[in-house]
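Structure record follows, encoded as structure tokens.
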Amino acid sequence: MTATVNLSLSPLLSTPQQPQSNRSTTTDLIKSCKNLNEIKQLHARFTKQGFNQDPGFLGKLIAKCSEIGSYDSLKYAQTAFDYFCYSEEGLNNTYKFNSLIKGYSLAGLFSDAVLIYARMVLENVAPDGYTFPLVLSACAKDGRFFEGSGIQGLALKWGFGDDVFVLNSLIHLYSECGEVDKARKVFDKMPDRNLVSWTCLICGYSRREKAEEAVRLFFEMVEEEGIMPNSVTMVCVISACGELGGLGLAERVCGYIGKAGLKVNTVMVNALVDMYMKCGSVVKAKRLFEECVDRNLVLYNTILSNYVRHGMVTEALDVLGEMLSCGGPRPDRVTLLSAISASTEMADVFLGKQCHAYILRNGLENWDSIGNAIIDMYMKCGCQEWACRVFDRMSNKTVVSWNSLMAGFLRNGDVEAACRTFDEMPESDIVSWNTIIGGLVQQSMFEDAIHLFRVMQNEGIKADRVTMVSVASACGYLGANDIAKWIYNYIEKYEIHLNMQLSTALIDMFARCGDPANAIKVFNKMKERDVSAWTAAIGAMAMEGNGKRAVKLFYEMLREGVEPDQVVFVAVLTACSHGGLVGEGMKIFRTMKEIRGISPQIVHYGCIVDMLGRAGLLKEAIDIIKNMPMKPNDAVWGAFLAACKMHKNDEMATYAADMISESSPDKAGIHVLLSNIYASGGKWTDVAKVRMSMKERGIKKNPGSSSIEVNGTVHEFTSGDESHPEQTSICLMLEEMKCRVREAGHVPDLTNVMMDVDEQEKEFLLYRHSEKIAMAFGLISTSQGYPIRIVKNLRMCSDCHSFAKLVSRVYERHIIVRDNNRFHFFQRGLCSCGDYW
């Protein structure tokens with residue numbers, strides 16, 4: 001009967017019939033209760049005996065119920081508390097309110113804890129030094145920043161503004177709610193600080209990605225104030241060191257574990273393992289893990305996730321195997337995320353399916369991150385159908401799920417499915433837009449990427465750095481300078497931070513758009529420059545044909561202590577090639593291995609062959625090819641053949657042709673170039689043989705095409721194109737141009753027509769080259785003084801080059817042509833390349 005006794009008002013307020021129990025005995029009896037049933041039994045017995053008038057009895061009962069922390073015990077405590085409030089003596093008993101606040105908070109019922117505090121205020125019960133820390137702790141755990149701020153005002157009103165416990169609780173509250181600056185203000189104004197004060201703020205900085213401030217505050221505490229850390233302090237500062245990634249700093253911090261005489265528990269081992277892995281000291285992390293005798297699931301997950309992040313997939317699988325076979329802790333969702341990532345890294349769909357099966361058997365599939373990781377794994381392993389099946393069966397498809405599916409389609413080259421997925425998304429975020437725009441750029445769908453960026457603006461979605469890197473890349477490939485300037489203005493208008501990656505993308509964009517002045521302007525504004533930024537600037541000078549400036553930038557980079565890589569050597573050697581700086585180029589080439597310890601790759605040899613070939617040093621170029629430590633590829637032979645064509649050396653070209661048939665039998669560009677060399681020499685039988693060989697092998701020549709941007713729209717023309725809406729006006733302008741440049745002294749170079757037809761037909765075909773059509777369209781579509789910018793997919797022929805020079809003089813226009821090799825800036829009858837290309 002006593003086990004099910006209910007509280008009633010009358011026993012609690014009844015007049016005692018027997019003597020009071022000894023107070024210490026009451027306290028001991030309540031403390032000895034192990035569960036709610038025992039509390040109920042004791043309460044019933046004391047009520048019958050009339051001991052309920054003991055002022056401390058009910059308070060201890062409420063405190064014990066709160067300590068147990070179950071739903072039923074808290075309900076019982078609340079009932080006792082509500083009855084008690086009817087009694088006159090209980091109205092001002094702060095201890096009972098504090099006990100109930102603490103109980104609700106321990107049980108995770110933070111809203112109820114705050115409500116009890118509110119009731120306390122309404123009933124004018126005076127809080128004490130325990131009340132505010134308890135309720136502020138509840139606010140901190142529940143993220144109740146505004147309620148906590150209001151409680152701070154009441155704490156000041158009640159005279160607890162200097163109470164170290166209350167102020168520590170405030171620091172903890174603000175830190176947990178992400179308001180670390182407010183926490184620092186409280187900390188700085190404290191008249192006295194203890195270890196808890198420092199620890200709360202250090203942990204606040206550490207958890208809010210302010211690792212430098214956390215470490216700085218730690219050293220201020222131990223070195224200036226002489227306060228030794230506890231294990232909580234150490235765990236937080238160790239985590240901060242992991243984020244900073246500096247091993248020396250981490251070792252210095254860890255030295256205080258011994259100085260403070262702290263025992264290294266499992267929590268600290270976990271933090272240390274994570275820190276050493278992030279600082280690159282894998283051996284130390286592994287040793288700590290192996291020496292830990294009490295490995296829990298958190299520690300296993302830490303080492304497992306770090307192994308995967310470092311690409312140490314074999315080690316990660318060994319840890320997973322240990323968990324499954326040696327009585328280790330049962331893998332949870334975090335473990336499986338790492339396991340799926342490992343299978344993705346290895347492209348091991350069999351392992352991925354095993355992980356998927358384990359997830360299904362153990363009911364872990366409803367966690368969003370698991371489903372998204374499985375989709376990503378199947379996509380990267382080429383199992384697109386499986387990924388779609390997982391996605392279709394997901395009960396909660398988040399925006400991340402849609403993004404994962406779309407990214408997978410793009411990775412597998414299925415642009416149509418990716419775009420369809422993007423259109424079907426119920427909601428999208430900036431990651432969605434960045435994914436589809438970036439994917440279109442990767443698939444060379446540059447115009448579509450720019451169009452989608454404009455749609456994004458129309459929908460009022462603000463771009464970020466990732467968006468602008470992709471858009472700048474698309475614009476650069478299109479050579480659309482007007483769009484490039486608009487992109488740069490957009491970045492300035494919306495104050496998008498120019499980090500090194502975005503600045504480098506802008507330099508490359510302007511360089512590809514034939515605007516080296518703006519490229520260098522962006523470069524000069526950079527406060528920090530890595531090797532990629534220098535490479536982009538050197539490449540901009542190379543494309544302009546300004547070899548001397550490119551070489552000067554290269555040596556300036558070295559003086560600033562930036563270590564060169566293989567890519568920057570390609571850029572500077574290309575600049576030497578385009579500028580005819582043979583001596584300087586050979587000197588830089590030699591320093592790669594001798595001084596910098598970088599072994600030249602085939603791309604560097606290709607630059608040297610191109611440089612020597614352009615300069616007419618064909619024998620030296622062929623010697624380089626013969627002595628290369630690797631087999632020459634089509635790029636090397638292409639550079640050599642182009643030099644043979646330029647210098648009309650059929651003998652060398654024939655030798656190269658024999659070598660090409662062995663090394664690059666299926667490369668269209670090489671065979672077309674060889675055919676053109678034979679055609680230039682009138683060897684039509686050899687031309688026919690090459691073309692027949694191409695036809696038999698299914699090799700197709702890419703048609704020449706040129707594009708021009710007018711009023712933000714890119715127009716593309718192919719050789720002999722007659723499909724443009726303005727075709728009539730274009731033809732009339734072509735005829736006018738032909739007449740005017742002929743009067744200016746232009747003589748058509750018919751050797752550029754690679755067909756065995758009469759001279760009249762050759763001349764007609766010559767005037768229908770795509771860059772000439774684009775020039776004509778530019779003249780009729782833009783106003784006088786406006787530059788004409790053309791992008792050509794093939795190398796510009798010598799006739800179009802001489803034609804463009806005269807057009808720039810006759811029409812007083814600045815003409816910029818970017819072919820597949822470099823830029824040509826035509827102005828007043830001259831070209832920036834100095835006819836050396």
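Backbone N, Cα and C atoms are what each Cβ position is placed from, and that goes for glycine too.
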TODO: Please find, within the list 1-26, 27-52, the residue stretch that TrEMBL describes as region 'Disordered'.
DONE: 1-26
- [ ] Run through the repeat 'PPR' (499-529) and tell me, per DSSP, how many residues are helix, strand and coil.
- [x] 23 helix, 0 strand, 8 coil
TODO: Grab the pLDDT values for the repeat 'PPR' (429-463) and give me their mean, rounded.
DONE: 93
Open item on the list: Please report, as numbers and ranges, the same-chain residues at least 6 past the borders of the repeat 'PPR' (296-330) whose CB is under 8 Å from any CB of it.
Closed with: 266, 269-270, 273-274, 277-278, 282, 285-286, 289, 337-339, 341-342, 345-346, 351
- [ ] On the DSSP side of things, how many residues of the domain 'DYW' (745-837) fall into helix, strand and coil, could you say?
- [x] 36 helix, 16 strand, 41 coil
